[in-house]
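Visitor: Questions regarding the structure given below will be posed in turn.
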Amino acid sequence: MSNGRHLAKGSPMPDVPEDGILRLYSMRFCPFAQRVHLVLDAKQIPYHSIYINLTDKPEWLLEKNPQGKVPALEIVREPGPPVLTESLLICEYLDEQYPLRPLYPRDPLKKVQDKLLIERFRAVLGAFFKASDGGDLEPFWSGLDIYERELARRGTEFFGGEQTGILDYMIWPWCERLELLKLQRGEDYNYDQSRFPQLTLWLERMKRDPAVMAFYMEAEVQAEFLRTRSLGRPNYNLLVKDA
């Protein structure tokens, strides 16, 4: 197991115990991989984390996962064993396969409504990436307006009710990066708490969630990773003490 260090080309296959526990191929700074960590931690599902250098991937990764993508979940107890990709599909599988602490609503209509809101968030994260690259901030704020209204309509502390649910976790990685966006944009950053009163409270509640806390990363660390990536030398091991 990588123990937090990102494995690169030439790295041997990690010595993971043959214990039947799920193996998650991940990257510490990837918001899509973060979704899967959040679900695994929220549901308290045991798993091994294997972090991958996506710039210089280890050769054996393509044997496990021909797409070479993260997140990828290896289900070692199944024949094969199969490797699942795509964060939303992995998270849905986990919620169905491990029914304790359900994250998707049990009601079919509410489940579909949450899925639609997760799908709709694709446009919001697209606007986020453009804003973080110096683009107009307003499309991102306009996208968040939808979730501000929805949280107000539900009248609950979280989108999942009185505890976190799937919608909370699927949009969180980009909401966590609001502080990163603030660093990137400086004086241009114009998040308005009066425009987002419900989301502002939700952000603070989410920061106290155990699953969120387990994978939370300070904006300054995220910014430093992006700085090294912009120089063509991404430091994937910023969080490794002896990196």
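Each residue, glycine too, has its Cβ placed from N, Cα and C.
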Visitor: Looking at glutathione binding as recorded in Swiss-Prot, which candidate out of V70, V112 goes with K57, E86, S87?
Guide: V70
Visitor: Starting from each candidate's C-beta and looking 10 angstroms out, tell me which of the recorded positions C30, V70 has the most other C-beta atoms.
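Guide: Counting every other Cβ within 10 Å of each candidate, the maximum falls on V70.
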Visitor: Look at the binding-site residues K57, E86, S87 and tell me which residue has the greatest number of other C-beta atoms within 10 angstroms of its C-beta.
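Guide: The most densely surrounded of these binding-site residues is S87.
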Visitor: Looking only at C-alpha atoms, tell me how far V70 (glutathione binding site) is from C30 (active site, nucleophile), rounded to the nearest Å.
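Guide: One finds 8 Å between the Cα atoms of these residues.
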Visitor: Averaged over the domain 'GST N-terminal' (20-102), what pLDDT does the prediction give?
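Guide: Mean model confidence (pLDDT) across the domain 'GST N-terminal' (20-102) is 96.
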